[in-house]
């Protein structure tokens, strides 16, 4: 066995020399050098310093400016809330534990940290699914003159939470479990063992199929259809140049969000799947820690992408930060750019 399993942990280090200790009780400096734990703490501090202000600002600016409260923005705000869950429920905890070299909050704290980190990641994934469906319904028009309105956005937000809880809650009630991972300073789903006592194998399969593969299939299908429809509409000049530009800007923004999500989460999911399907494989703590670095960066990129690619939101943010004045003098964007969900790009 290339790892050491305890009642509520799995340390990726053989205990032949007898040095392995519970990650809830002793520093894990036999897994990595102390300076590496310090680097992990510094990275968590950076994510907190960047992640909290930018996501909080996203929420605050939307509350301050009524024009931003569009159905599409409800989903984007949901992403900001998910990111804040990751900041407060995950990053702050990992910062503190990495400074101590082990998970000082015990199994209960591990459950809470793992729950919030998983919840935030799943809300983000399912929010991207809802955004993909919204873009598909609005642009491709599979249901004639359907309009994506406030009630649909609220139902979409509700769906993201239901599906996220369906993934994050089971380990708390006996289906799988949360355990320290990587350098043992943060917690996640147990990908390392089969653990029949908690039916871990069935849960991991369920999670990869329902909460990763299916969402990815939906997203790629929607955007495949969307790209084809937009190209056909542009070729036939079925819409005004202004409407086409507005649709393309929103669609481009959402597609970039999906690409960023894949860059952040696919390495983590791939490594987790590899570990799970290669039980007994000899891997070190850094093998899982590095992909987790990419995954945790997800709390920053969504609001950055939105601010950079949405002129109306960017203008409102600058106005809010500058006490009601915009020193850049940007003109207000047209209604078509802020309410693209009602446009009429016809299907090919």
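If you go along the chain as it appears here, the first residue is 1 and each next one adds 1.
Cβ atoms here come from the backbone N, Cα and C positions, even for glycine.
Topology note: residue 248 and residue 315 share a membrane side (same topological domain name in Swiss-Prot). Check Swiss-Prot against the ranges 153-173, 174-194 and you find transmembrane segment recorded for 153-173. When you go through 15, 200 in Swiss-Prot, the residue listed as N-linked glycosylation site is 15. Spatially, the transmembrane segment (111-133) is adjacent to the transmembrane segment (253-274); three or more Cβ-Cβ distances between them are under 8 Å for residues at least 6 apart in sequence. Comparing Cβ neighbour counts within 10 Å across the recorded sites 322, 323, the minimum falls on 323.
Non-local neighbourhood of residue 201 (Zn(2+) binding site): 194, 195, each in the same chain, at least six residues away, with C-beta under 8 Å from its C-beta. Residue counts for the topological domain 'Cytoplasmic' (62-73) under DSSP, helix first, then strand, then coil, are 9 helix, 0 strand, 3 coil. In terms of DSSP helix, strand and coil, the topological domain 'Cytoplasmic' (134-152) has 10 helix, 0 strand, 9 coil.
Most Cβ pairs under 8 A with the transmembrane segment (153-173) among the ranges 37-61, 74-96, 203-224, 253-274, 287-308 are made by 74-96. For residue 296 (N6-(retinylidene)lysine), the nearest neighbour among the recorded positions 279, 322, 323, judged by Cα separation, is 279.
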